[in-house]
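Annotated features, as they stand in TrEMBL:
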{"type": "DOMAIN", "residues": "2-310", "note": "domain 'FAD/NAD(P)-binding'"}
{"type": "DISULFID", "residues": "39-44", "note": "disulfide bond"}
{"type": "BINDING", "residues": "48, 298", "note": "FAD binding site"}
{"type": "BINDING", "residues": "171, 172, 173, 174, 175, 176, 177, 178, 256", "note": "NAD(+) binding site"}
{"type": "DOMAIN", "residues": "334-436", "note": "domain 'Pyridine nucleotide-disulphide oxidoreductase dimerisation'"}
{"type": "ACT_SITE", "residues": "426", "note": "active site, proton acceptor"}
Ligand SMILES: Cc1cc2nc3c(=O)[nH]c(=O)nc-3n(C[C@H](O)[C@H](O)[C@H](O)COP(=O)(O)OP(=O)(O)OC[C@H]3O[C@@H](n4cnc5c(N)ncnc54)[C@H](O)[C@@H]3O)c2cc1C
Ligand SMILES: NC(=O)c1ccc[n+]([C@@H]2O[C@H](COP(=O)([O-])OP(=O)(O)OC[C@H]3O[C@@H](n4cnc5c(N)ncnc54)[C@H](O)[C@@H]3O)[C@@H](O)[C@H]2O)c1
(Lines of atoms letter the chains of each structure in order from A and count residues from 1; the text may use other names and numbers.)
(Lines give C-alpha, C1' and ligand atoms only; values in the text may rest on other atoms or scores of the structure.)
(Ligands and ions follow the chains in the order given, each with its own letter.)
Protein backbone atom coordinates (compact mmCIF):
# COMPACT_ATOMS: atom_id res chain seq x y z
CA UNK A 1 0.00 0.00 0.00
CA UNK A 2 1.36 3.42 -1.00
CA UNK A 3 1.23 6.42 1.36
CA UNK A 4 -0.14 8.46 -1.51
CA UNK A 5 -1.00 8.07 -5.20
CA UNK A 6 -0.96 11.23 -7.31
CA UNK A 7 -3.06 11.25 -10.46
CA UNK A 8 -1.64 13.56 -13.14
CA UNK A 9 1.95 14.71 -13.70
CA UNK A 10 1.17 18.37 -14.41
CA UNK A 11 2.33 21.33 -12.35
CA UNK A 12 0.28 20.41 -9.27
CA UNK A 13 1.07 16.69 -9.49
CA UNK A 14 4.82 17.05 -10.06
CA UNK A 15 5.07 19.63 -7.31
CA UNK A 16 3.31 17.27 -4.90
CA UNK A 17 5.53 14.39 -6.02
CA UNK A 18 8.70 16.40 -5.45
CA UNK A 19 7.60 17.09 -1.85
CA UNK A 20 6.85 13.39 -1.15
CA UNK A 21 10.07 12.34 -2.88
CA UNK A 22 12.16 14.71 -0.72
CA UNK A 23 10.48 13.29 2.39
CA UNK A 24 11.19 9.70 1.24
CA UNK A 25 7.47 8.92 1.30
CA UNK A 26 6.12 5.84 -0.44
CA UNK A 27 4.36 7.56 -3.36
CA UNK A 28 3.31 6.74 -6.93
CA UNK A 29 2.30 9.05 -9.80
CA UNK A 30 -0.14 7.77 -12.40
CA UNK A 31 -0.04 9.94 -15.50
CA UNK A 32 -2.31 9.94 -18.51
CA UNK A 33 -2.26 12.15 -21.59
CA UNK A 34 0.34 14.58 -22.91
CA UNK A 35 3.58 15.14 -21.01
CA UNK A 36 5.16 18.47 -20.12
CA UNK A 37 2.43 20.28 -18.09
CA UNK A 38 -0.26 22.56 -19.47
CA UNK A 39 1.64 25.65 -18.33
CA UNK A 40 4.85 24.81 -20.20
CA UNK A 41 3.45 23.14 -23.30
CA UNK A 42 0.00 24.66 -23.97
CA UNK A 43 -0.53 27.48 -21.50
CA UNK A 44 1.40 30.19 -19.72
CA UNK A 45 4.72 29.85 -21.52
CA UNK A 46 3.87 29.48 -25.24
CA UNK A 47 1.05 32.04 -24.86
CA UNK A 48 3.42 34.59 -23.36
CA UNK A 49 5.98 33.89 -26.10
CA UNK A 50 3.27 34.50 -28.73
CA UNK A 51 2.09 37.67 -26.96
CA UNK A 52 5.67 38.95 -26.78
CA UNK A 53 6.07 38.63 -30.56
CA UNK A 54 2.83 40.59 -31.08
CA UNK A 55 3.80 43.26 -28.56
CA UNK A 56 7.24 43.72 -30.11
CA UNK A 57 5.72 44.04 -33.61
CA UNK A 58 3.15 46.52 -32.29
CA UNK A 59 5.93 48.78 -30.97
CA UNK A 60 6.44 49.97 -34.55
CA UNK A 61 3.31 52.10 -34.22
CA UNK A 62 5.21 54.47 -31.91
CA UNK A 63 8.21 54.82 -34.19
CA UNK A 64 7.02 57.81 -36.25
CA UNK A 65 6.44 59.87 -33.10
CA UNK A 66 9.85 58.86 -31.79
CA UNK A 67 11.54 59.94 -35.04
CA UNK A 68 12.44 56.37 -36.01
CA UNK A 69 11.85 55.85 -39.73
CA UNK A 70 10.80 52.72 -41.58
CA UNK A 71 8.32 51.29 -39.06
CA UNK A 72 5.57 51.24 -41.69
CA UNK A 73 7.65 48.88 -43.86
CA UNK A 74 8.13 46.25 -41.12
CA UNK A 75 6.26 42.99 -41.51
CA UNK A 76 5.95 39.83 -39.48
CA UNK A 77 6.71 36.36 -40.81
CA UNK A 78 4.08 34.29 -38.98
CA UNK A 79 5.52 30.81 -39.79
CA UNK A 80 8.89 32.00 -38.45
CA UNK A 81 7.26 33.60 -35.39
CA UNK A 82 5.34 30.38 -34.63
CA UNK A 83 8.52 28.32 -35.01
CA UNK A 84 10.14 30.67 -32.47
CA UNK A 85 7.17 30.20 -30.07
CA UNK A 86 7.44 26.42 -30.46
CA UNK A 87 11.18 26.38 -29.90
CA UNK A 88 10.68 28.21 -26.58
CA UNK A 89 7.75 25.95 -25.71
CA UNK A 90 9.75 22.79 -26.46
CA UNK A 91 12.60 24.04 -24.35
CA UNK A 92 10.34 24.72 -21.34
CA UNK A 93 8.32 21.51 -21.73
CA UNK A 94 11.43 19.45 -22.57
CA UNK A 95 13.04 20.35 -19.25
CA UNK A 96 9.97 19.05 -17.42
CA UNK A 97 9.67 15.88 -19.51
CA UNK A 98 13.37 15.06 -19.00
CA UNK A 99 12.92 15.44 -15.25
CA UNK A 100 9.95 13.03 -15.03
CA UNK A 101 12.14 9.93 -14.94
CA UNK A 102 13.32 10.67 -11.44
CA UNK A 103 9.81 10.05 -10.09
CA UNK A 104 8.10 6.77 -9.33
CA UNK A 105 5.66 7.04 -12.22
CA UNK A 106 3.43 4.77 -14.30
CA UNK A 107 1.26 5.65 -17.30
CA UNK A 108 -2.38 4.93 -18.03
CA UNK A 109 -5.97 5.88 -17.24
CA UNK A 110 -7.00 5.10 -13.66
CA UNK A 111 -10.37 4.15 -12.27
CA UNK A 112 -11.34 4.01 -8.59
CA UNK A 113 -12.43 0.54 -7.49
CA UNK A 114 -13.00 1.64 -3.89
CA UNK A 115 -11.78 4.68 -1.89
CA UNK A 116 -8.39 3.01 -1.31
CA UNK A 117 -7.87 1.26 -4.66
CA UNK A 118 -7.43 2.28 -8.28
CA UNK A 119 -7.05 0.14 -11.36
CA UNK A 120 -4.63 1.09 -14.15
CA UNK A 121 -4.29 -1.12 -17.24
CA UNK A 122 -5.83 -4.08 -15.40
CA UNK A 123 -3.54 -3.79 -12.36
CA UNK A 124 -4.68 -2.60 -8.92
CA UNK A 125 -2.83 -0.11 -6.71
CA UNK A 126 -3.75 0.83 -3.15
CA UNK A 127 -2.94 3.97 -1.17
CA UNK A 128 -3.82 5.62 2.12
CA UNK A 129 -4.51 8.88 0.21
CA UNK A 130 -5.04 10.06 -3.36
CA UNK A 131 -4.34 13.50 -4.83
CA UNK A 132 -6.22 14.12 -8.06
CA UNK A 133 -4.21 16.66 -10.10
CA UNK A 134 -5.63 15.92 -13.53
CA UNK A 135 -6.09 19.54 -14.67
CA UNK A 136 -8.60 20.76 -17.24
CA UNK A 137 -9.29 20.61 -20.98
CA UNK A 138 -10.77 23.25 -23.30
CA UNK A 139 -14.56 23.41 -23.24
CA UNK A 140 -16.32 22.86 -26.59
CA UNK A 141 -19.74 24.57 -26.32
CA UNK A 142 -22.66 22.83 -28.06
CA UNK A 143 -22.89 24.89 -31.30
CA UNK A 144 -19.24 24.13 -32.09
CA UNK A 145 -19.34 20.37 -31.34
CA UNK A 146 -20.14 19.24 -34.91
CA UNK A 147 -16.93 20.94 -36.06
CA UNK A 148 -14.83 20.04 -32.99
CA UNK A 149 -11.99 18.59 -35.10
CA UNK A 150 -11.58 21.85 -36.99
CA UNK A 151 -11.69 24.16 -33.96
CA UNK A 152 -8.64 25.97 -32.68
CA UNK A 153 -8.10 25.58 -28.94
CA UNK A 154 -4.98 26.04 -26.87
CA UNK A 155 -4.39 22.30 -27.35
CA UNK A 156 -3.48 22.94 -31.00
CA UNK A 157 -3.08 26.74 -31.29
CA UNK A 158 0.70 26.78 -30.81
CA UNK A 159 1.17 24.04 -33.42
CA UNK A 160 -0.31 26.26 -36.13
CA UNK A 161 2.14 27.23 -38.86
CA UNK A 162 0.08 30.20 -40.05
CA UNK A 163 -3.23 31.94 -39.40
CA UNK A 164 -6.03 32.85 -41.81
CA UNK A 165 -7.24 36.40 -42.38
CA UNK A 166 -10.27 36.30 -40.02
CA UNK A 167 -10.57 34.50 -36.68
CA UNK A 168 -13.54 34.56 -34.30
CA UNK A 169 -12.47 34.08 -30.70
CA UNK A 170 -15.20 32.62 -28.51
CA UNK A 171 -14.83 33.69 -24.88
CA UNK A 172 -13.11 36.83 -23.69
CA UNK A 173 -11.67 35.38 -20.49
CA UNK A 174 -7.92 35.41 -19.91
CA UNK A 175 -7.14 33.07 -22.80
CA UNK A 176 -9.46 34.68 -25.36
CA UNK A 177 -8.45 38.27 -24.75
CA UNK A 178 -4.71 37.53 -24.50
CA UNK A 179 -4.55 35.49 -27.70
CA UNK A 180 -7.23 37.57 -29.46
CA UNK A 181 -5.35 40.84 -28.97
CA UNK A 182 -2.04 39.25 -29.97
CA UNK A 183 -3.55 37.72 -33.15
CA UNK A 184 -5.07 41.09 -34.05
CA UNK A 185 -1.74 42.82 -33.58
CA UNK A 186 -0.16 40.29 -35.93
CA UNK A 187 -2.59 41.28 -38.66
CA UNK A 188 -5.52 38.87 -38.21
CA UNK A 189 -9.02 40.42 -38.20
CA UNK A 190 -10.29 39.22 -34.83
CA UNK A 191 -13.87 39.24 -33.55
CA UNK A 192 -14.05 38.48 -29.83
CA UNK A 193 -17.41 37.19 -28.62
CA UNK A 194 -18.29 36.78 -24.96
CA UNK A 195 -21.60 35.54 -23.66
CA UNK A 196 -21.49 37.80 -20.56
CA UNK A 197 -20.56 41.46 -20.27
CA UNK A 198 -17.06 40.59 -19.08
CA UNK A 199 -13.48 40.76 -20.25
CA UNK A 200 -10.81 38.79 -18.37
CA UNK A 201 -13.34 38.33 -15.55
CA UNK A 202 -13.04 42.02 -14.58
CA UNK A 203 -15.40 42.77 -11.72
CA UNK A 204 -14.96 46.56 -11.49
CA UNK A 205 -17.44 48.15 -13.95
CA UNK A 206 -15.38 51.31 -14.44
CA UNK A 207 -12.14 49.45 -15.22
CA UNK A 208 -14.12 47.07 -17.45
CA UNK A 209 -15.42 50.04 -19.41
CA UNK A 210 -11.89 51.48 -19.82
CA UNK A 211 -10.64 48.01 -20.84
CA UNK A 212 -13.37 47.69 -23.49
CA UNK A 213 -12.41 51.05 -25.01
CA UNK A 214 -8.69 50.22 -25.09
CA UNK A 215 -8.99 46.65 -26.36
CA UNK A 216 -11.55 47.62 -29.02
CA UNK A 217 -8.70 49.44 -30.76
CA UNK A 218 -7.27 46.00 -31.64
CA UNK A 219 -10.27 43.67 -32.01
CA UNK A 220 -14.03 43.84 -32.56
CA UNK A 221 -15.66 43.05 -29.24
CA UNK A 222 -19.16 41.58 -29.08
CA UNK A 223 -20.19 41.22 -25.45
CA UNK A 224 -23.38 39.95 -23.83
CA UNK A 225 -24.34 38.07 -26.98
CA UNK A 226 -24.52 34.38 -27.66
CA UNK A 227 -23.84 32.42 -30.83
CA UNK A 228 -26.99 30.42 -31.48
CA UNK A 229 -25.88 28.58 -34.61
CA UNK A 230 -22.59 27.80 -36.36
CA UNK A 231 -22.67 27.13 -40.07
CA UNK A 232 -19.76 25.77 -42.12
CA UNK A 233 -19.38 27.64 -45.38
CA UNK A 234 -16.64 26.59 -47.79
CA UNK A 235 -13.37 27.04 -45.93
CA UNK A 236 -14.93 29.22 -43.24
CA UNK A 237 -17.82 29.64 -40.86
CA UNK A 238 -20.83 31.87 -40.32
CA UNK A 239 -21.66 32.51 -36.69
CA UNK A 240 -25.30 33.40 -36.11
CA UNK A 241 -25.95 35.72 -33.18
CA UNK A 242 -29.39 37.03 -32.20
CA UNK A 243 -29.24 40.08 -34.47
CA UNK A 244 -26.10 39.70 -36.53
CA UNK A 245 -23.90 37.26 -38.43
CA UNK A 246 -20.12 37.03 -38.25
CA UNK A 247 -18.09 35.53 -41.08
CA UNK A 248 -14.73 34.04 -40.22
CA UNK A 249 -12.15 31.60 -41.56
CA UNK A 250 -11.35 29.90 -38.23
CA UNK A 251 -12.75 29.76 -34.72
CA UNK A 252 -10.62 29.82 -31.58
CA UNK A 253 -12.54 28.40 -28.63
CA UNK A 254 -11.60 30.04 -25.33
CA UNK A 255 -14.90 29.54 -23.54
CA UNK A 256 -13.52 28.12 -20.31
CA UNK A 257 -12.03 24.77 -19.34
CA UNK A 258 -13.54 21.54 -18.04
CA UNK A 259 -11.95 19.57 -15.15
CA UNK A 260 -10.53 16.20 -16.27
CA UNK A 261 -12.56 13.86 -14.04
CA UNK A 262 -14.20 11.64 -16.66
CA UNK A 263 -13.40 7.98 -16.34
CA UNK A 264 -12.05 8.15 -12.78
CA UNK A 265 -15.21 6.51 -11.47
CA UNK A 266 -15.55 8.84 -8.49
CA UNK A 267 -19.34 8.60 -8.68
CA UNK A 268 -19.11 4.80 -8.38
CA UNK A 269 -17.34 4.98 -5.00
CA UNK A 270 -19.98 7.31 -3.54
CA UNK A 271 -18.41 10.76 -4.06
CA UNK A 272 -21.13 13.42 -4.08
CA UNK A 273 -21.03 16.10 -6.74
CA UNK A 274 -21.96 19.76 -5.99
CA UNK A 275 -24.13 22.03 -8.18
CA UNK A 276 -21.09 23.01 -10.27
CA UNK A 277 -20.72 19.37 -11.32
CA UNK A 278 -17.53 18.89 -9.29
CA UNK A 279 -16.91 16.85 -6.15
CA UNK A 280 -17.63 19.03 -3.13
CA UNK A 281 -14.33 19.84 -1.40
CA UNK A 282 -13.38 21.79 1.71
CA UNK A 283 -11.51 24.78 0.25
CA UNK A 284 -9.11 24.88 3.21
CA UNK A 285 -8.04 21.24 2.97
CA UNK A 286 -9.05 20.47 -0.67
CA UNK A 287 -10.38 17.15 0.67
CA UNK A 288 -13.55 15.45 -0.59
CA UNK A 289 -15.94 14.87 2.35
CA UNK A 290 -14.82 11.86 4.43
CA UNK A 291 -12.70 10.37 1.66
CA UNK A 292 -8.94 10.50 1.77
CA UNK A 293 -9.06 11.95 -1.73
CA UNK A 294 -7.93 15.52 -2.51
CA UNK A 295 -8.38 17.73 -5.58
CA UNK A 296 -5.37 19.95 -6.26
CA UNK A 297 -4.68 22.42 -9.07
CA UNK A 298 -6.99 23.47 -11.89
CA UNK A 299 -9.11 20.33 -11.54
CA UNK A 300 -10.86 21.84 -8.50
CA UNK A 301 -11.68 25.01 -10.52
CA UNK A 302 -11.07 27.22 -7.47
CA UNK A 303 -8.14 29.42 -8.55
CA UNK A 304 -6.93 27.94 -11.86
CA UNK A 305 -3.52 29.61 -11.92
CA UNK A 306 -0.02 28.19 -11.91
CA UNK A 307 1.16 29.54 -8.55
CA UNK A 308 -2.09 28.39 -6.94
CA UNK A 309 -1.66 24.88 -8.38
CA UNK A 310 1.80 24.68 -6.79
CA UNK A 311 0.52 26.08 -3.49
CA UNK A 312 -2.37 23.64 -3.40
CA UNK A 313 -0.03 20.68 -3.66
CA UNK A 314 1.84 22.03 -0.65
CA UNK A 315 -1.45 22.49 1.20
CA UNK A 316 -2.35 18.83 0.61
CA UNK A 317 1.16 17.43 1.13
CA UNK A 318 1.54 19.32 4.40
CA UNK A 319 -1.60 17.64 5.74
CA UNK A 320 -0.52 14.15 4.68
CA UNK A 321 3.04 14.61 5.96
CA UNK A 322 1.88 16.46 9.08
CA UNK A 323 3.93 19.54 8.21
CA UNK A 324 3.05 23.18 8.92
CA UNK A 325 0.07 24.06 6.73
CA UNK A 326 0.96 26.91 4.34
CA UNK A 327 -1.49 29.81 4.26
CA UNK A 328 -3.37 30.79 1.12
CA UNK A 329 -1.83 33.82 -0.55
CA UNK A 330 -3.71 36.98 -1.50
CA UNK A 331 -5.60 36.44 -4.77
CA UNK A 332 -3.59 37.81 -7.70
CA UNK A 333 -4.75 37.48 -11.27
CA UNK A 334 -2.84 39.03 -14.13
CA UNK A 335 -3.99 38.99 -17.74
CA UNK A 336 -1.19 39.71 -20.19
CA UNK A 337 -3.00 42.09 -22.48
CA UNK A 338 -1.37 45.37 -23.42
CA UNK A 339 -1.89 47.25 -21.14
CA UNK A 340 -2.01 44.53 -18.50
CA UNK A 341 -5.25 43.76 -16.67
CA UNK A 342 -4.89 42.75 -13.02
CA UNK A 343 -7.12 42.07 -10.04
CA UNK A 344 -5.52 41.91 -6.61
CA UNK A 345 -7.07 40.93 -3.28
CA UNK A 346 -10.77 41.54 -2.77
CA UNK A 347 -12.91 43.30 -5.36
CA UNK A 348 -15.65 45.79 -4.32
CA UNK A 349 -18.55 43.31 -4.63
CA UNK A 350 -16.79 40.82 -2.34
CA UNK A 351 -15.93 43.35 0.36
CA UNK A 352 -18.37 43.30 3.24
CA UNK A 353 -17.28 46.54 4.97
CA UNK A 354 -17.53 50.13 3.71
CA UNK A 355 -14.65 51.06 1.45
CA UNK A 356 -12.93 54.13 0.09
CA UNK A 357 -11.55 54.01 -3.43
CA UNK A 358 -8.57 55.85 -4.87
CA UNK A 359 -8.17 55.92 -8.61
CA UNK A 360 -5.78 57.22 -11.19
CA UNK A 361 -5.96 57.48 -14.95
CA UNK A 362 -2.82 56.57 -16.85
CA UNK A 363 -3.91 58.73 -19.80
CA UNK A 364 -1.70 61.58 -18.63
CA UNK A 365 0.79 59.80 -16.37
CA UNK A 366 4.28 61.15 -16.96
CA UNK A 367 6.33 58.00 -17.50
CA UNK A 368 3.51 56.27 -19.38
CA UNK A 369 3.38 59.24 -21.76
CA UNK A 370 7.16 59.07 -22.35
CA UNK A 371 6.77 55.36 -23.15
CA UNK A 372 3.89 56.09 -25.53
CA UNK A 373 1.71 53.83 -23.39
CA UNK A 374 -0.41 56.43 -21.63
CA UNK A 375 -3.72 54.60 -21.42
CA UNK A 376 -5.48 52.87 -18.58
CA UNK A 377 -6.77 53.17 -15.06
CA UNK A 378 -5.84 51.86 -11.61
CA UNK A 379 -8.15 51.69 -8.59
CA UNK A 380 -7.22 50.85 -5.00
CA UNK A 381 -9.87 49.77 -2.48
CA UNK A 382 -9.25 50.42 1.23
CA UNK A 383 -11.27 49.97 4.39
CA UNK A 384 -13.13 53.19 5.24
CA UNK A 385 -12.64 52.37 8.93
CA UNK A 386 -8.85 52.10 9.06
CA UNK A 387 -7.63 52.61 5.46
CA UNK A 388 -6.12 49.10 5.29
CA UNK A 389 -5.63 48.25 1.59
CA UNK A 390 -8.02 45.41 0.72
CA UNK A 391 -7.69 45.12 -3.04
CA UNK A 392 -6.99 46.77 -6.36
CA UNK A 393 -7.88 46.50 -10.02
CA UNK A 394 -6.28 47.92 -13.13
CA UNK A 395 -5.70 48.00 -16.81
CA UNK A 396 -2.41 49.79 -16.77
CA UNK A 397 1.06 49.89 -18.32
CA UNK A 398 3.50 48.00 -16.11
CA UNK A 399 0.53 46.29 -14.49
CA UNK A 400 2.33 42.99 -13.90
CA UNK A 401 4.77 44.79 -11.59
CA UNK A 402 2.32 47.23 -10.00
CA UNK A 403 0.05 44.33 -9.13
CA UNK A 404 2.84 42.53 -7.24
CA UNK A 405 3.51 45.65 -5.19
CA UNK A 406 -0.19 45.87 -4.39
CA UNK A 407 -0.41 42.15 -3.55
CA UNK A 408 2.41 42.67 -1.07
CA UNK A 409 0.54 45.61 0.48
CA UNK A 410 -2.73 43.62 0.73
CA UNK A 411 -1.06 40.53 2.13
CA UNK A 412 0.87 42.56 4.70
CA UNK A 413 -2.36 44.43 5.57
CA UNK A 414 -0.63 47.76 4.98
CA UNK A 415 -2.62 50.97 5.32
CA UNK A 416 -2.64 53.62 2.63
CA UNK A 417 -0.43 55.81 4.85
CA UNK A 418 2.07 52.97 5.39
CA UNK A 419 2.42 52.30 1.66
CA UNK A 420 2.88 56.03 1.05
CA UNK A 421 5.79 55.98 3.51
CA UNK A 422 7.83 53.95 0.99
CA UNK A 423 9.85 55.85 -1.65
CA UNK A 424 8.31 56.36 -5.09
CA UNK A 425 11.06 57.22 -7.57
CA UNK A 426 10.55 59.75 -10.34
CA UNK A 427 9.61 59.32 -13.14
CA UNK A 428 8.13 55.79 -12.84
CA UNK A 429 4.78 54.13 -13.51
CA UNK A 430 4.44 53.49 -9.76
CA UNK A 431 3.89 57.22 -9.28
CA UNK A 432 0.41 56.57 -10.66
CA UNK A 433 -0.19 54.22 -7.72
CA UNK A 434 1.06 56.96 -5.40
CA UNK A 435 -1.51 59.34 -6.88
CA UNK A 436 -4.31 56.78 -6.35
CA UNK A 437 -3.22 56.29 -2.72
CA UNK A 438 -3.10 60.05 -2.17
CA UNK A 439 -6.60 60.20 -3.61
CA UNK A 440 -7.67 58.09 -0.61
CA UNK A 441 -5.55 59.81 2.04
CA UNK A 442 -6.45 63.29 0.75
CA UNK A 443 -9.65 63.11 -1.33
CA UNK A 444 -9.45 66.82 -2.23
CA UNK A 445 -6.36 66.20 -4.38
CA UNK A 446 -6.80 66.16 -8.14
CA UNK A 447 -6.63 62.45 -8.91
CA UNK A 448 -5.29 62.84 -12.43
CA UNK A 449 -2.19 64.85 -11.61
CA UNK A 450 1.21 63.25 -11.32
CA UNK A 451 4.00 64.68 -9.18
CA UNK A 452 5.13 68.17 -10.16
CA UNK A 453 8.66 68.14 -11.55
C1 LIG B 1 -3.45 29.20 -22.71
C2 LIG B 1 -3.23 29.22 -21.21
C3 LIG B 1 -2.49 30.25 -20.66
C4 LIG B 1 -2.27 30.28 -19.30
N5 LIG B 1 -1.54 31.31 -18.80
C6 LIG B 1 -1.31 31.36 -17.48
C7 LIG B 1 -0.50 32.39 -16.93
O8 LIG B 1 0.01 33.26 -17.64
N9 LIG B 1 -0.29 32.39 -15.60
C10 LIG B 1 -0.84 31.45 -14.77
O11 LIG B 1 -0.63 31.51 -13.55
N12 LIG B 1 -1.60 30.45 -15.26
C13 LIG B 1 -1.84 30.39 -16.59
N14 LIG B 1 -2.58 29.36 -17.09
C15 LIG B 1 -3.11 28.36 -16.16
C16 LIG B 1 -2.04 27.31 -15.78
O17 LIG B 1 -1.50 26.74 -16.95
C18 LIG B 1 -2.69 26.26 -14.91
O19 LIG B 1 -3.17 26.87 -13.73
C20 LIG B 1 -1.74 25.13 -14.51
O21 LIG B 1 -1.14 24.57 -15.63
C22 LIG B 1 -2.53 24.06 -13.73
O23 LIG B 1 -1.70 22.97 -13.42
P24 LIG B 1 -2.37 21.56 -13.07
O25 LIG B 1 -1.27 20.72 -12.54
O26 LIG B 1 -3.57 21.76 -12.24
O27 LIG B 1 -2.86 20.99 -14.44
P28 LIG B 1 -1.99 20.42 -15.75
O29 LIG B 1 -0.68 21.07 -15.79
O30 LIG B 1 -2.93 20.54 -16.83
O31 LIG B 1 -1.75 18.92 -15.33
C32 LIG B 1 -2.72 17.94 -15.40
C33 LIG B 1 -2.11 16.71 -16.00
O34 LIG B 1 -2.95 15.59 -15.71
C35 LIG B 1 -3.00 14.74 -16.86
N36 LIG B 1 -4.22 13.95 -16.78
C37 LIG B 1 -5.47 14.25 -17.27
N38 LIG B 1 -6.33 13.26 -16.97
C39 LIG B 1 -5.65 12.33 -16.26
C40 LIG B 1 -6.00 11.10 -15.65
N41 LIG B 1 -7.22 10.61 -15.71
N42 LIG B 1 -5.02 10.42 -14.99
C43 LIG B 1 -3.77 10.88 -14.90
N44 LIG B 1 -3.38 12.05 -15.48
C45 LIG B 1 -4.30 12.77 -16.13
C46 LIG B 1 -2.97 15.69 -18.02
O47 LIG B 1 -2.50 15.06 -19.18
C48 LIG B 1 -2.01 16.77 -17.52
O49 LIG B 1 -0.69 16.50 -17.92
C50 LIG B 1 -2.81 29.27 -18.46
C51 LIG B 1 -3.54 28.22 -19.02
C52 LIG B 1 -3.75 28.19 -20.37
C53 LIG B 1 -4.53 27.04 -20.97
N1 LIG C 1 -2.68 35.32 -17.61
C2 LIG C 1 -3.16 34.29 -16.96
O3 LIG C 1 -2.97 34.10 -15.77
C4 LIG C 1 -3.99 33.30 -17.69
C5 LIG C 1 -4.03 33.29 -19.07
C6 LIG C 1 -4.82 32.35 -19.70
C7 LIG C 1 -5.52 31.43 -18.94
N8 LIG C 1 -5.46 31.47 -17.60
C9 LIG C 1 -6.24 30.53 -16.78
O10 LIG C 1 -6.94 29.61 -17.59
C11 LIG C 1 -8.30 29.58 -17.20
C12 LIG C 1 -9.16 29.29 -18.40
O13 LIG C 1 -9.17 30.42 -19.25
P14 LIG C 1 -10.39 30.74 -20.21
O15 LIG C 1 -10.15 32.10 -20.75
O16 LIG C 1 -10.62 29.61 -21.14
O17 LIG C 1 -11.62 30.65 -19.24
P18 LIG C 1 -12.38 31.75 -18.38
O19 LIG C 1 -13.34 30.98 -17.57
O20 LIG C 1 -11.44 32.65 -17.69
O21 LIG C 1 -13.18 32.61 -19.46
C22 LIG C 1 -14.10 32.04 -20.33
C23 LIG C 1 -14.97 33.15 -20.89
O24 LIG C 1 -15.78 32.57 -21.90
C25 LIG C 1 -17.10 33.03 -21.76
N26 LIG C 1 -17.96 31.98 -22.33
C27 LIG C 1 -18.28 30.77 -21.83
N28 LIG C 1 -19.05 30.08 -22.70
C29 LIG C 1 -19.21 30.88 -23.78
C30 LIG C 1 -19.87 30.73 -25.03
N31 LIG C 1 -20.54 29.62 -25.33
N32 LIG C 1 -19.83 31.77 -25.90
C33 LIG C 1 -19.17 32.90 -25.60
N34 LIG C 1 -18.53 33.10 -24.45
C35 LIG C 1 -18.53 32.09 -23.55
C36 LIG C 1 -17.29 33.25 -20.27
O37 LIG C 1 -18.30 34.21 -20.04
C38 LIG C 1 -15.91 33.77 -19.87
O39 LIG C 1 -15.81 35.16 -19.98
C40 LIG C 1 -8.56 30.95 -16.61
O41 LIG C 1 -9.58 30.89 -15.64
C42 LIG C 1 -7.26 31.33 -16.00
O43 LIG C 1 -7.22 30.96 -14.65
C44 LIG C 1 -4.71 32.39 -16.96
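Count begins at 1; order follows the chain as displayed.
Heads up, the Cβ atoms here are built off N, Cα and C, so glycines get one too.
Whatever TrEMBL says is automated annotation, not expert-curated.
From a predicted model like this one, the values you see are computed outputs, not experimental measurements.
Mapped onto this structure are the features recorded in TrEMBL.
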residue	record	Cβ within 10 Å
39	disulfide bond	22
44	disulfide bond	17
48	FAD binding site	15
171	NAD(+) binding site	24
173	NAD(+) binding site	18
175	NAD(+) binding site	24
177	NAD(+) binding site	29
256	NAD(+) binding site	17
298	FAD binding site	29
426	active site, proton acceptor	13
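Here the CA atom of residue 39 (disulfide bond) lies 15 Å from the CA atom of residue 256 (NAD(+) binding site). Between the alpha carbons (Cα) of residue 298 (FAD binding site) and residue 177 (NAD(+) binding site) lies a span of roughly 20 Å. Annotated pair residue 39 (disulfide bond) and residue 177 (NAD(+) binding site), C-alpha to C-alpha distance, rounded: 17 Å. Secondary structure at residue 175 (NAD(+) binding site), taken from DSSP and collapsed to helix, strand or coil, is helix. When secondary structure is read from DSSP and collapsed to three states, residue 426 (active site, proton acceptor) falls in the coil class. Spread of the NAD(+) binding residues is 14 Å (greatest Cα-Cα distance among 171, 172, 173, 174, 175, 176, 177, 178, 256). Straight-line distance linking the Cα atoms of residue 171 (NAD(+) binding site) and residue 44 (disulfide bond), rounded to a whole number, equals 17 Å. Between the CA atoms of residue 44 (disulfide bond) and residue 177 (NAD(+) binding site) there is a gap of 14 Å.
In the three-state DSSP assignment, the secondary structure recorded for residue 256 (NAD(+) binding site) is coil.
With a CB cut-off of under 6 A applied against ligand 1, the recorded positions 44, 173, 175, 256 are reduced to 44, 175. The separation of residue 175 (NAD(+) binding site) from residue 48 (FAD binding site), Cα to Cα, is 11 Å. Listed in sequence order, the binding-site residues among 171, 173, 298 whose CB lies under 6 angstroms from an atom of ligand 2 come out as 171, 173. Those residues of the chain, other than 171, 172, 173, 174, 175, 176, 177, 178, 256, with a C-beta within 8 angstroms of the mean position of the NAD(+) site C-beta atoms are 169, 179, 180, 194, 200, 254. For the domain 'FAD/NAD(P)-binding' (2-310), the predicted model reports an average pLDDT of 97. A straight line from the CA of residue 175 (NAD(+) binding site) to the CA of the residue listed as 'active site, proton acceptor' spans 34 Å. On a Cα basis, the residue listed as 'active site, proton acceptor' lies 35 Å away from residue 173 (NAD(+) binding site).
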